[in-house]
Every structure is written in structure tokens, then in C-alpha cells.
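Beneath this line is the structure, given in C-alpha cells, with notes to follow.
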Amino acid sequence: MSKEESGHVTPEKGDNVVDYQASTTVLPSEGPERDANWFTRNGLNVDSFKKKHYGPGMVELERPMKARHLHMIAIGGSIGAGFFVGSGGALAKGGPGSLFVDFLIIGIMMFNVVYALGELAIMYPVSGSFYTYSARFIDPAWGFAMGWNYVLQWAAVLPLELTVCGITISYWNSEITTAAWISLFLGVIIIINLFGALGYAEEEFWASCFKLAATVIFMIIAFVLVLGGGPKDGRYHEYWGARYWYDPGAFKNGFKGFCSVFVTAAFSFSGTELVGLAAAESTNPTKNMPGAIKQVFWRITIFYILGLFFVGLLINSDDPALLSSAAYADSKASPFVLVGKYAGLKGFDHFMNLVILASVLSIGVSGVYGGSRTLTALAQQGYAPKLFTYIDKSGRPLPSVIFLILFGFIAYVSLDATGPVVFDWLLAISGLAALFTWGSVCLAHIRFRKAWKYHGHTLDEIPFKAAGGVYGSYLGLFICVIVLMAQFYTAIAAPPGSPGVGTAEDFFKQYLAAPVVLGFWIVGWLWKRQPFLRTKNIDVDTGLREFDWDEINAERTRIAPLPAWRRIIHHTF
């Protein structure tokens, strides 16, 4: 539908309108032209490292990701140390009830966040998606803050994950120095990223398959153990049930304990939004993204909520092995490993430790991918040095990738006596950072819908709509704010058994992400000095993807006669 047919007018550029024409043009559904040489396209020869030259209207990044890649990134991409290891510390602080409820609340939030992101990513599949949406639909300065916050988040996560990899290996061999393992895994991450988006996609596909299969195996075994089907020489040889929900209790340390689990839940879900970032490098986002977005429901429900429910049934929250203070670093504190150990299942603890190792390595690869693409998008908008706009012939943003990888060397600091201090500060930077990204996605979706209506469009012109609509985004934004408030409360009043909060240093270790985001926003505003975007000045046309409306309308016609309950299932699951 043309602009004249739809009856809307693109807002004129004024003082508070950002020009996106330079970086986001209408994208053809078949994607950009690609180099004829297969080795060049996949970064396998010297020529692939040369700068790529673009014709008018071409996008900057290659789009090699297929539907299977997006589906597995959505369903298993962010399952890592926060879920497998950090959940142990959360259980120790808040008890099984808080663990279950807090992850459920964050899961509801993420359900709405990912659907809102999916709607925007299908409409505007651009590099650095959520940063671009914040700058485009909310405020350029806020977009600057969200972009650099996201880059910093992943820059902090990479050395964290490398450190966890080294410590995880020590479960089997403590004689070889951790530095050797950090070097090995950093090398693996570099090699995978040399293959660009396709390397990331393939690694995530197979790593996610492994993580999800392992989690399913764990839940089947856990179900048997809860019913008392464990080995005779183990703990769970009699009916176990929900005894730990009664003694020592479902909710530990009261309201403080309940609030303290939120930060672990947020850290565990970090990376879920990468499926939106990957849309810019997907062969056909319109066709592939909806199915990938719908996978998030199953991951939240089955793998996070149900998996941690079994953890709460089988592991005592007072177990001394749950090292709250080192819960993100030491796989020995993983409740998944402890279940196998206490059950007397020979080799199961080693299997779960291997799963943890694969998971944290996967998150490290994701960190380089997500951070580098966002940094490139920032540079394209003039919010980062021009050097980072460089894209080679295989679609790799090489300077941005190198920039992120350099942060991996911080992991070697963990070998020093001051290592734990550095680890705490890295965790402080990354722990809550994702909440600001998720809240911004919801707010950008709300603002987009408002501007879409203002400029004369209807909801029928949106090919994929968020399941909860704009109300789901309001709910997601509300939960983000509540979680940030809850974490502020625990930062000034820590639950019993947690490191004390009596100094400014202790407070900022709990809440550093907030002043960091505020600082980025101030810098962005001082740099561009552009006011908050008003609805009439939000441009909803530039960069809008072309759609095959015959195919979309045919699908809608097929679904329309179905009963209401079947239509809900189709749109949601």
C-alpha cells in the first residue's frame, strides 16, 4: 500500500525528528545481493576481510540465518550460567517459593517484551534493532543510552562467562591453571565469530539443542526422584514430594528474600532479546520471526518455570553448597549438579557440568554477536566512532567484533587476588542492564502503536501483532519498573545471609546499572540536544519492510473461520 493510498503523511523533519533515511531504507523481502564467491560470503578467504561496498538501498549486514536458527536462538539462546548456576544462590536467598514466583513474573514480562520486539523487528528489521527503536520512537538521547548500555552489558558479560568456563573445568581438573582454559575458550569464541552471523547461528542452534535436551533429561529424572524412584544409595529413594516447601519453607527471608531473587531471574533471561537483533540477518524475517517468537512461551514455561520448580523440590534452600556469594561463578553451587550428586546417579553431575560449560560458552559467543551489532548500529547513527561502521564482504562488523573480544582479556584479572572484586563489579554492570533494554522495548512498542494510529494506519496493516497488544507492553513495562524498585530496596536493605549493605560501594554493586544508564542518557542529550519525540513527529514509514500481502491475507482468511480458542492458540503458541 502506498503512502497516498493509506492516507497518511510522513512527518516533516523538524528540530526533534531524527533522520533515519541514511541507515534504514525499505528492505526487499528477498534480502541484499550477496558475493558470488561462497568462501568470501562465509569469511573463509583473505578477500572476505575487505570492505564491502553498497549500492543504493542495500542493507549493511548479510542475512544468512534461516528459520531453524531463529527458532533455536529464541527457545534456548539465553539459557546459561544464570539459570544453571545462579539459580542456586537465588534459592538460598529466597527459598523455592520465591524462586518459582519471581521467575514466573519475569517470564510473563519477557513474554510481552519478546512479542513487542517481534512486531517491531518484522516491520523494521534493522541492525541494532532495540537501540534503533528506542531512538526512533522514544528519544534519540535515550536510544543512545540504550545502545551503549547494551554494548557495555555484553562487554561485561564476556569476561564473566570466560571466568565461569575456567572455574567449571576445575570441577574435573584443578591442576591446570585457569588462565589456560580462559585462553582456550576465548580462542573458540574468536574462531566462531570469524564465521560471522552464520557461525553464531550454527553455534547457537547446536548449543541450544544440547541445552534443551539436557534440561528435558533433567526434568524427567527429577520427576522420578520426586516420586521416590532414585537409587537406594542416594537421597531420593523414597517419596520426596514437596517437603522442602514446608521445612525450611517456601519463602525464605521474607519480602527481602523475595525481592533479592529478581536480579538473578533478570540475569538468567538476559539474551532473550537477541532473536530481535538476529532479525536483521535473517533471510526472511516476515516468515521466520513469528514462529521463533512463539517458541519463547515454551522456553519460559517448560524450561525455566518447570525446571526450577523441580529444583525447589529437590534441593534444600539451607544447603551449605549453595554459595550465594559465588553463585554465578562456581558450578559446584549449581542445584542441577547437586541433584545428580545427592541422588547417587553416577556421572550425572559430570553431565550437568558439561551442559553448564557449553551454556556459558554459548552466552560468551552471543555477547560478542549482540554487542558488536549494536555498536555498529550506534556508529551508523554517529553515536560511536566511524571506525565501527566497517563491514567486510562476508557481513562481519570486524572492528566492533574486535572491540568486544578485547574485553574478554579482563577475565585474566580473576586470577589475581583482586579478581573477586573485579568479578563483583562486572556482575553489577550486567545484572540489571537488561531490564532497561526490555522496558525500552515495551515503551518503544507503545509509542510506535500510538504514532501508527496517528498517521492514519490500522492494525490490519501490521503483519504480525504482539499477542498482548499494547496492553501487554504496558504490563511488561510495569513489571520492569517494579523489579527495579525491588532491587533498589534490596540494595539498601539486604536479606539475611547476603553481603552487608552499609557503604556506597555495597549499594552500587547492587544497583550500578541505573546510574550508568542515567549517565549515558545525559551524555546523549548533551551531544545531540534533541527533545523528546512527540507523536506527530515520529516517522513510521522510513525503513518499513515490503510485505507479500497476498500471502498474509490468505493466511488471515484461513484462520478467520476458526473458533476463538483456536485463533488464540495460533496467535500465541
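Placement of Cβ uses the backbone N, Cα and C atoms for every residue, glycine included.
Keep in mind that this is a model prediction, so the values were computed, not measured.
As recorded in Swiss-Prot, the features of this protein are as follows:
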- 72-92: transmembrane segment (TRANSMEM)
- 99-117: transmembrane segment (TRANSMEM)
- 176-200: transmembrane segment (TRANSMEM)
- 212-229: transmembrane segment (TRANSMEM)
- 257-280: transmembrane segment (TRANSMEM)
- 296-315: transmembrane segment (TRANSMEM)
- 351-371: transmembrane segment (TRANSMEM)
- 398-415: transmembrane segment (TRANSMEM)
- 425-444: transmembrane segment (TRANSMEM)
- 470-494: transmembrane segment (TRANSMEM)
- 511-527: transmembrane segment (TRANSMEM)
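Counting C-beta pairs under 8 angstroms (sequence separation of 6 or more), the transmembrane segment (511-527) reaches the transmembrane segment (425-444) with 3 or more such pairs. Comparison of 72-92, 99-117, 398-415, 425-444 by number of C-beta pairs under 8 angstroms to the transmembrane segment (176-200) places 398-415 first.
Here the transmembrane segment (257-280) sits apart from the transmembrane segment (398-415); fewer than 3 CB pairs are under 8 Å, leaving out pairs fewer than 6 apart in sequence. Per-stretch counts of Cβ pairs under 8 Å to the transmembrane segment (425-444) identify 99-117 as the leading one among 99-117, 212-229, 351-371. Contact check: the transmembrane segment (351-371) against the transmembrane segment (99-117) gives fewer than three Cβ pairs closer than 8 Å, residues 6 or more apart, which falls short of the contact criterion. Contacts between the transmembrane segment (72-92) and the transmembrane segment (296-315): present, as 3 or more C-beta pairs lie under 8 angstroms, all at sequence separation of six or more.
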